[in-house]
Each structure stands twice: as C-alpha cells, then as structure tokens.
Amino acid sequence: MQDTTLHIRHLGQQDYESVWHAMQHYTDTRNSDSPDELWIVEHPPVFTQGQAGKSEHILNPGDIPVIQVDRGGQVTYHGPGQLVVYPLLDIKRSKIGVRQLVTHIEQSIIDMLAKYDINAYAKADAPGVYVDQRKVASLGLRIRKGCSFHGLALNVDMDLAPFRRINPCGYAGLEMVQCKELGGPQTVIEAGDQLIITLSQLLGYQQLVHHQGLAAS
C-alpha cells in the first residue's frame, strides 16, 4: 500500500557528488517503511555522464568537471539557476512502473508550464520536456531495489552556454531553452514550489512535509 505522505527536502545549492552519494546511501539503506522523499537542489557547474553516455558527446568541457554517474541517459549539464529534483520513491511499494514514473515526471513539468501558458510536450523517443523543439528539462533515473533515485533538471534562469560544450543527451546541436525566456517561473524557488504541487498530485501523495537539508545519517 502506498504511503500518501511525501517528504520534501530543500537542499539549496550543494556539490553534485555529495548529493549523489547521499542518494545512493538513502536508497541502499531504506526499507519497506522508509518514507518517499523529493530532494530539491541546485548544483555548481558540472557535467554528468550517464551509463549510456559516449565520450565523443563531451566536446570541450574546459574548466567544468565531468563526473561518470550511475543514472540512465547520456551527458548533461547542471549549474546555478537550474532546478534539480530527485524523487527517492519506493515504486515497488506504490506499484508504479518505471515508464509510468517517467511519464508522470514529464507530465508534471508540462502541467506546471501550462500554468504560465507555455505549450510544452514530451517525446516518446527522447525523454525530457520540450518547447518548440528546444529542450527545457532533462531526465535521467536509476532504479535499485524497486526504488528510484536521480531525477530531473529544469532550466529556469541560468547560463546555457555550457550546453554548447556537449551534445546534450547525446543529440548534436540540440538547442536548450529556459523558463525565464519563455515567460515561465523566474526563479528556481518559484519553479520548485510549482513543480512540487504538480508532481505530488500526479504521483498520488496527499500530504507534503517540508524539511531544510538532509536528514542526519
């Protein structure tokens, strides 16, 4: 039976690797009674290369570090002004399939942007969310022991130039776009507050409990 309470952890700006390892630890040590959590964070500039990633898609990283990680997908960029959301969910307990989870995440972004009269959409062959063929949100998950970690990155108000140093998600010439220039949420906090609402509704959570920072380990 699904626990209808979702714990939201607001992490502020945090180093990518420390949050990644904390996600792994939470997933590896959780049990059937562990709560589902949503981690809201921004990262300093970093490229992350997913398990399907190919080195030729990293064109010119320059001074931005490249980290090989254990999520699905290919290379992407994280940086200040981008909303990153990590759903740490027991999908086995809640009886949500992986494809259904991906669809819910994409739809939550689409629904949130629709509140700003932005017509966004998903693509069956290229996970993420798009507006006029430009990508506004990237998606990469990992499922372990029936539980999800990693998640989504929504471009809000950031420097998009580093995306030109890679082939985003393995697509040469893929153009990125962000919420601010589309007339969407203007800050990461605003985007996070709105996305929490749409995502929790789609996933069936009825009570949200907010926390600042990670739980003491």
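Glycine is no exception: its Cβ is also placed from the backbone N, Cα and C atoms.
Keep in mind that this is a model prediction, so the values were computed, not measured.
Per Swiss-Prot, the features are:
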type: ACT_SITE; residues: C169; note: active site, acyl-thioester intermediate
type: BINDING; residues: R71, G72, G73, Q74, V75, T76, Y77, H78, S138, L139, G140, G151, L152, A153; note: substrate binding site
type: DOMAIN; residues: 32-207; note: domain 'BPL/LPL catalytic'
type: SITE; residues: K135; note: site 'Lowers pKa of active site Cys'
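Shown on the structure are the features that Swiss-Prot records.
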residue : record                                   : DSSP class
R71     : substrate binding site                   : coil
Y77     : substrate binding site                   : strand
K135    : site 'Lowers pKa of active site Cys'     : strand
G140    : substrate binding site                   : strand
L152    : substrate binding site                   : strand
C169    : active site, acyl-thioester intermediate : helix
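Taking only the Cα positions, the spacing between S138 (substrate binding site) and the residue listed as 'active site, acyl-thioester intermediate' is 8 angstrom.
As a whole number, the greatest separation of Cα atoms within the substrate-binding residue list R71, G72, G73, Q74, V75, T76, Y77, H78, S138, L139, G140, G151, L152, A153 is 16 Å. G73 (substrate binding site) sits 7 Å from the residue listed as 'active site, acyl-thioester intermediate', taking the CA atoms of both as reference points.
Confidence for the domain 'BPL/LPL catalytic' (32-207), expressed as mean pLDDT, is 95. For the pair R71 (substrate binding site) and the residue listed as 'active site, acyl-thioester intermediate', the Cα-Cα distance reads 12 Å. Listed in sequence order, the residues of the same chain lying 6 or more apart from L152 (substrate binding site) and placing their CB within less than 8 Å of its CB are V84, V85, I105, I109, A137, S138, L139.
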